[in-house]
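This report concerns only the one structure given below.
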Amino acid sequence: MADGSRLPESATSTTMETNTNEHAKVLSPDAETVPSSSMTATSSELSLDGRWGERDQGEPVSRRGAMEDFEEMRRELTQLSLRRTRSVGKDAHRLRSRASGRASQVHDEEKAIDEEDSTIDGDGDGYQGGFDLGEFLMGGHLERRTTTGEPAKKVGVLFKHLTVKGVETGASFVRTLPDAVVGTFGPDLYRIVCSFIPQLRFGKQPPVRELLHDFTGLVREGEMMLVLGRPGAGCSTFLKTIANDRGAFAGVEGEVRYGGLSAEEQLKHFRGEVNYNPEDDQHFPSLTVWQTLKFSLINKTKKHDKNSIPIIIDALLKMFGITHTKNTLVGNEYVRGVSGGERKRVSIAETLATKSSVVCWDNSTRGLDASTALDYAKSLRIMTDVSKRTTFVTLYQAGESIYELMDKVLVIDSGRMLYQGPANKAREYFVNLGFHCPEKSTTADFLTSICDPNARQFQPGREASTPKTPEELEAVFRNSETYKTICDEVASYEKKLQDTDQEDTRRFQKTVAQSKSRTVSKKSSYTVSFARQVLACVQREFWLLWGDKTSLYTKYFIIISNALIVSSLFYGESLDTSGAFSRGGALFFSILFLGWLQLTELMPAVTGRGIVARHKEYAFYRPSAVSIARVVMDFPAIFCMVVPFTIIMYFMTGLDVTASKFFIYFLFVYTTTFSITSLYRMFAALSPTIDDAVRFSGIALNILVIFVGYVIPKQGLIDGSIWFGWLFYVNPIAYSYEAVLTNEFSDRIMDCAPSQLVPQGPGVDPRYQGCALPGSELGRRGVSGSRYLEESFQFTRSHLWRNFGVVIAFTVLYLIVTVLAAEFLSFVGGGGGALVFKRSKRAKKLATQTTQGNDEEKVQDVGDKAALSRGEAMSASNGESFKRISSSDRIFTWSNVEYTVPYGNGTRKLLNGVNGYAKPGVMIALMGASGAGKTTLLNTLAQRQKMGVVTGDFLVDGRPLGADFQRGTGFCEQMDLHDNTSTIREALEFSALLRQDRNVSKQEKLDYVDQIIDLLELNDIQDAIIGSLNVEQKKRVTIGVELAAKPSLLLFLDEPTSGLDSQAAFSIVRFLKKLSLAGQAILCTIHQPSSMLIQQFDMILALNPGGNTFYFGPVGHDGGDVIKYFADRGVVCPPSKNVAEFILETAAKATTTKDGKKIDWNEEWRNSEQNQRVLDEIQQIREERSKIPVTETGSPYEFAASTMTQTLLLTKRIFRQYWRDPSYYYGKLFVSVIIGIFNGFTFWMLGNSIANMQDRMFSIFLIIMIPPVVLNSIVPKFYINRALWEAREYPSRIYGWFAFCTANIVCEIPMAIVSSLIYWLLWYYPVGFPTDSSTAGYVFLMSMLFFLFMSSWGQWICAFAPSFTVISNVLPFFFVMCNLFNGIVRPYRDYPVFWKYWMYYVNPVTWWLRGVISSIFPTVQIDCSPSETTHFNPPPGQTCANYAGNFITNIAKNGYLLNPDASADCQYCPYSNGAEYMATLNVHDGDKWRCFGIFLAFVIINWLLVYFFIYTVRVRGWSFGMGYLFGGMGLVIDKVKGVFKRKSEKA
């Protein structure tokens, strides 16, 4: 693009036309074609015709193609409009008349796109006569134009004297476990309350500082402004301020106007018209592209125009070249879906569907390769031109082609405006100030370098006179002609608004008002009514449910399998009195299980907040609409869950087969599940994080279970639990339990079971027997179910429908709280933050010198001060340090490398015959298009592949790789994988101590770490926590960790510049170059190399998709060697073209020679002279190096450090991790305290009645409530540590599997002891258990073992399971089996044969319960209350003792008579002491130490399973046949689905 082709913005009417026509030149394929003497497709053309995502699918982003698609959509909408017009002809006629009148009066100065539209269509009359969209266009549809063709919504953005202030947070210290514990008692609560009610803050207010200083400027409609600056300069702050997203700032001064609208008016009435799009693509992964766009349009299209939605979606898909992804899941990093580039386009299309007028895009090219980034920018240009939007963009690495698409540029440094004006004049402006622009530097890189003291260059002789500081550069700019022009533009724009009486603004307001549904207030920011918002969200909830079929099918599998297992436990339940209590247990499980399973609803409720918040800003819907929609969706979803569960449970457990009773049972299971789900969602809405939501929900459910009336009868709760008895009345499950229990037992007369008849034996007259069941009547062998419930639980059937109403009322209450919380609470952070340090003298000293503003980027002054030196000069001492990094002269070669993986029913080759070598002092750039196999080759060379087949020769000095190869190489992951709670120094020391040779002393290793910290210039922030670092600092730490290992052979780096701004990327590559010059061999993948970056590399290894090499050789001066290779084959690189982009685009496109022959670049390389030279070089290296005698340069061990050293250092690190991440340990303490208090004080000082014995049993049993909550914290922590070990630390041979297992196990022990002690103290003594040391000590030991069992249980499950999904599915199964098959809920004697002789005994909880019960119960003497005794009359003339003595002594052998001398109404107590009571539980006196030993064995087995599964599954790769199992299940499911699909097609 010629510099003179773009004029500075002015108030003239020709400016926009000039700019738009210029963009047509840039974007049009016709303008892009450059003739070539040898090729039919030139590199210039290639550079502007890239694709997003997969190279073999997507479509090129073409502005002309997009405009044609847009016109096709308009024609289709015309037909739609015409059909509608026939029915409302008169209205349309009036509308056309008004439009015609306006057209004669109003002159639109921005017709460029309309002119091009008519050129494309070629039929001017087509729009005059046929395109009668009248009402449709005035309703605010996509193009937002009037009937005359002018934009209906034109909103320029004007900002005057804009100053933004943020709170100075300062460098903070890491929060540790003691801080969390102390915070519980007030400080944390105070901070939370003050965050919602700032007026409650007292004391000195935190200081504020300016984030942006006095910005003035204008961006007209249809213009794009590029905002440039280093991370932390204030770019995101500026964009958020323009987007009116000001919640994170302390204050905003000055004026921002949108046309004639103030910021306040825009926020209140037009929020969705100004949008901010963050750099991350946040979408629901299980929605398809079509569904994502349809949902957006549903909420932005009034009902009258709903038929236009499919037409607009098709146009958007065509416009952005993603039609082929229409029915593909959007996906994310965990769910497979569209590619990253395609997901970017979905974000753009969604934003276009919002029909907003101003859009701010924040660094949205992060992670994209150069070609994809260009296509992204072209798409923004399309969006801006087609819909006349006002667009702001920040980009960290912008190529020249991207820069040329922009109208204006704004350069920011430290919140100061260094330049604002025409993009094509920015370079000239700074050159005139005295700065030097390197020949190969892009304009964007040059402008960004102005903000970096170490990167900018001055013209010779002007170093002193050129302004340098942000303040000086700002002052110079304010005195420049460019700034005066801006001020004139602003004044002219304001004058135009006044002269036209703000006609555009009024038209904008009218258009927005007419775009709303009739039932929506014209002052509302939303387009459709709240009811339609809810309906749209309901539709999306259904899509989400159906889109994630794996989770859906898994949930049904869990429901059905658990229903079968549990109902089989109660199968064949006797209908007489012996089955009464067990029947109550089955009913209790029925109303509880599905609610418990619904804990999975917490995850989508919390993780979807970011999307909901963004959609609120887009004015799609109110957040409360989502909450209500989820409830609406629960009706059918829960119904489908309850149907199979209730049918299985009801009929297999032998409940009363009466239609009315079954449907009442079904109703209460359904409503209870609904209520519990609503309760979970309420906690999710009130919780900042998913950990908090799980913790609170789990504890709440446990408390509800205690106070349901099953564990302790209703009267016992109310009278006996003096602190918490009231919880029964606020417990919806209690009302449901009363309902289902009375429903089952009412109108039922139970025959007394022979075993419960008192007395029994020879000579006993049946007329003089009683039944040992509460509710039995004197002289009757049958027991009324209603009377039984009244006596045992104080339940009555007359409360049935009252209880139903109460459950509904609680559900509504939870829903109301959820809706209010969703509407008024927001836990979505604004990003950014200060450095966090560990507490040390060095860090404290630094913290007093450092302050930090609350900018949106991670603005870290300390980090900037400690930045890598980007100047050319280097001290002699640093030079010596670099020379000491690598002293190895070994050469690594690879030849004919191929890598094949299973794919479908066959295989796929990802690498194909790759050859190469890495010499000391040589830096190789590994390049290729997306999917070419760069990372695959890097992992293969580093010997990190875990699946598939690798073939080829990998040699070091001509010899096979040794056991220490991986230890001798460094591998820098792209994702910067670290323990985020470690400091920089700790991470480097950990790497050095474990990876350097074991013969090197510890002091030498630590001294070496000091050198690395000096080289990386991390001294000032060496005590900073890694998790608080910015992107560049983390990259430096990643490199430092690998250098600290002192790799003796090779350093691999995977995308070390990804996500960095251009200057940070250059500094990283410059640093690598210095390492290379010092003798280090480096192989590095890179995907957005500028010309300056690529010059730092010595060689390029370039791959095409399929892992085919198409170039391996030197770069040459200014890329001369690469250019010559392609020029010799007829492809000439333009002088200004980036060499890296040139070779990638050339190889990716099918090119032909003059004679029409297509060039296969892969084959061209294989047959080239250069390839033969590479093969000869590899052979020569092998022959020469293999003759050199082998010298022992280090230990031959696989791991440098001993297993003991590995274990000790890793244990120390994990302890430190738990200490600095207090939520983990704190969560365990919190659960122990809460459950301990509720357990202990609910069963306060139990007496000696039978009911109290049952209370003792359940008090002991309630420890099983802790595992579901605790395991949900253990599993994620272990999983994260395991992922880090598998991804980086084991492949680098830092430490082995034994050390990993041992350290994780050991670190759980202290907290298990502490939390078990807390639980034991809060539970044991308040209940009134024996206080003698032997019993109390034994129970404490068992409690401690149980907590150790929990941690090891979660660890071995996590060690085996491949993913969180599998873990979440496995855990409920284990919980059900352990909680039910232990002899408490259903007595052992009543077990079905199938379970009786194995499940009971392999259940660890069985032995824990038996051990504790056998320790506590024997010493208790039972005193029955009269209501607990069995009543019977002796025959006339006999006393109770005479009549029942033989029964008590010889048959029952238990119990005693309360009135042995009475001759009527004998009262028999079935137990005289605890030993007799526990015998009914299959527990015997003297079992305790046997049970202790067996339970200890289970704990040890758990630990051994951790070692076993980590070694077999993670190290050896065993699957235990699970792959075949799941593969077979998948085939079966596919066949079944195929059958149904064929049937539906036939139908």
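Even glycines carry a Cβ here, placed using N, Cα and C.
The compositional bias 'Polar residues' annotation in Swiss-Prot covers 10-19.
Per Swiss-Prot, compositional bias 'Low complexity' is recorded for 36-47.
The domain 'ABC transporter 1' (197-439) scores a mean pLDDT of 85 in the predicted structure. What Swiss-Prot lists as domain 'ABC transporter 1' is 197-439, and the listing cites sequence analysis.
The annotation transmembrane segment is assigned in Swiss-Prot to 552-572 (among others).
Residues or ranges marked as transmembrane segment in Swiss-Prot (evidence: sequence analysis): 635-655 (among others).
For the transmembrane segment (657-677), the list of distant contacts is 587, 590-592, 594-596, 598, 601, 634, 638-639, 641-643, 645-646, 650-651, 701, 732-733, 736, 739-740, 743-744, 800, 803-804, 807-808, 810-811, 814: same-chain residues at least six beyond its ends, Cβ to Cβ under 8 Å. Taken from Swiss-Prot, the feature transmembrane segment covers 657-677 (among others), and the record attributes it to sequence analysis.
Look at Swiss-Prot and you will find 698-718 (among others) tagged as transmembrane segment, backed by sequence analysis.
Per Swiss-Prot, transmembrane segment is recorded for 722-742 (among others), and the stated evidence type is sequence analysis.
Residues annotated as transmembrane segment in Swiss-Prot: 804-824 (among others).
According to Swiss-Prot, the ATP binding site annotation covers GLY928, ALA929, SER930, GLY931, ALA932, GLY933, LYS934, THR935. Counting Cβ atoms from all protein chains shown, ALA932 (ATP binding site) has 28 others lying within 10 Å of its own Cβ.
What Swiss-Prot lists as transmembrane segment is 1230-1250 (among others), and the listing cites sequence analysis.
Annotation source Swiss-Prot lists transmembrane segment at 1309-1329 (among others), citing sequence analysis.
Look at Swiss-Prot and you will find 1334-1354 (among others) tagged as transmembrane segment, backed by sequence analysis. Here the transmembrane segment (1334-1354) has Cβ contacts under 8 Å with residues 1263, 1266-1267, 1270-1271, 1274-1275, 1278, 1305, 1308-1309, 1312-1313, 1315-1317, 1319-1320, 1324, 1374, 1404, 1408, 1411-1412, 1415-1416, 1419, 1488, 1492, 1495-1496, 1498-1499, 1502-1503, 1505-1506 of the same chain, all six or more residues outside its ends.
Sequence annotations record features per position, and here Swiss-Prot assigns transmembrane segment to 1356-1376 (among others) based on sequence analysis.
What Swiss-Prot records for 1491-1511 (among others) is transmembrane segment, and it gives sequence analysis as the kind of evidence.
Feature annotation from Swiss-Prot assigns transmembrane segment to 1520-1540 (among others).
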Task = Provide the number of Cβ atoms within 10 Å of the Cβ of ALA929 (ATP binding site), excluding the reference atom itself.
result = 23
Note = If one takes Cβ-Cβ under 8 Å and requires six or more residues beyond its ends, the residues near the transmembrane segment (1491-1511) are 1282, 1297-1298, 1300-1301, 1304-1305, 1338, 1341-1342, 1345-1346, 1348-1349, 1352-1353, 1355-1356, 1359-1360, 1404, 1407-1408, 1410-1411, 1414
Ask   = What else in the chain is close to the transmembrane segment (698-718), if you only count residues 6 or more beyond its ends and a Cβ gap under 8 Å?
value = 584-585, 588, 592, 595-596, 599, 676, 679, 683, 724-725, 727-728, 731-734, 737-738, 792-795, 1230-1231, 1234-1235, 1238-1239, 1242-1243, 1251, 1255, 1258, 1261-1262, 1265, 1268-1269, 1272
Count of other CB atoms lying within 10 Å of the CB belonging to LYS934 (ATP binding site) = 24
Secondary structure of GLY928 (ATP binding site) (DSSP, helix/strand/coil) = strand
Beyond the flanks of the transmembrane segment (1356-1376) by 6 or more, those residues with Cβ under 8 Å of it = 550-551, 554, 557-558, 561-562, 565-566, 593, 596-597, 600, 1267-1268, 1271, 1274-1276, 1278-1279, 1282, 1301, 1502-1503, 1505-1506, 1508-1510, 1513-1514
Request  = Would you mind listing, in sequence order, the residues at least six apart from GLY933 (ATP binding site) in the same chain with a Cβ closer than 8 Å to its Cβ?
outcome  = TYR899, LEU910, LEU911, LEU1103, PRO1105, GLY1106, GLY1107
Key: DSSP three-state assignment (helix, strand or coil) for GLY933 (ATP binding site)   = coil
Request  = Return the single residue from the binding-site residues list (GLY928, THR935) that has the minimum number of other CB atoms within 10 Å.
outcome  = THR935
